[in-house]
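Among the features that Swiss-Prot reports, N-linked glycosylation site is placed at Asn155. The topological domain 'Cytoplasmic' annotation in Swiss-Prot covers 23-45, 104-127, 197-223, 275-299 and is backed by sequence analysis. Per Swiss-Prot, topological domain 'Extracellular' is recorded for 67-82, 149-175, 245-253, and the stated evidence type is sequence analysis. The feature transmembrane segment is assigned by Swiss-Prot to 2-22, 46-66, 83-103, 128-148, 176-196, 224-244, 254-274.
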Amino acid sequence: MLSAGLGLLMLVAVIEFLIGLIGNGILVVWSLREWIRKFSWSSYNLIILGLAGCRFLLQWLIILDLSLFPLFQSSSWLRYLNVFWVLVSQASLWFATFLSVFYCKKITTFDRPAYLWLKQRAYNLSLWCLLGYFIISLLLTVQVGLTVHHPPQGNSSIRYPFEHWQYLYVFQLNSGSYLPLMVFLVSSGMLIISLYTHHKKMKVHSAGRRDARAKAHITALKSLGCFLLLHLVYIVASPFSITSKTYPPDLTSVFIWETLMAAYPSLHSLMLIMGIPRVKQTCQKILWKTVCARRCWGP
């Protein structure tokens, strides 16, 4: 029989899954609708589409692992699931890095010649360099994940050598994350500096258009800060999620760590929706119509 704590964790996991499913689904539909409306892809729409798609896959992988991990413990399918999981996780981080670079290019205002040159000429080159590094890191992750050797199972009380997979999983998860994290932090730092210099200018000049630019700075920083916090929680919870599945598994620990991991692809989608005015207004209208319909048809 399930305990009250385990039942609560299951409820939270279901709520997170539904929030992420709806949020990422809205972002995917919005990106495709913008493409149909304009018959062209913008950089921002492509980044949002890729980010939402990766989060959508990551959510289903978490649910799949949470539901079927007892069946995968003694199966080679766990190795392939683990590799695919790492690839999707790294792709999500890279799309978030592209988003931070996009914000930095569109919002920051510096008058220094070096920055103007970087903004005008080196932006596209930097994206191609990041894409090349991303492909290399994916290939290395696949090679490490698919060539790892499993020791014989024998009569061990642990059906699957999780102590070995723990270190392998952490290595796989972090091997391709160092460069995008550095770029992400540099871009976020430039946004903070730009907001600070803009705030100083506002003290001298009148408000007006500069208020909109300050609001854009704050919205971008909220989205990037939320992503960084949730991603760090996801990274910390990942190895503990693996070790909690040793045989016999501790279901309470499994749900605690998996719920923390599921917050990453679910909650950040809400921050992205709040940062897109048209999507935010559409969601508010839908919620308002739903509430009104419930009041009209309710008892």
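For all residues, glycine too, the Cβ spot is worked out from N, Cα and C.
For the topological domain 'Cytoplasmic' (275-299), same-chain residues at least 6 beyond its ends with a Cβ under 8 Å from one of its own Cβ atoms are 26-27, 30, 48, 219-220, 222-223.
Of the two recorded stretches, the transmembrane segment (254-274) lies close to the transmembrane segment (2-22), with three or more CB pairs under 8 Å once pairs fewer than 6 apart in sequence are set aside.
Across the topological domain 'Extracellular' (67-82), mean pLDDT in this model comes to 66. With a threshold of 8 Å between CB atoms, the same-chain residues lying at least 6 positions outside the topological domain 'Cytoplasmic' (23-45) that come near it are 51-53, 55-56, 59, 102, 265-266, 269-270, 272-273, 276, 278-279, 283.
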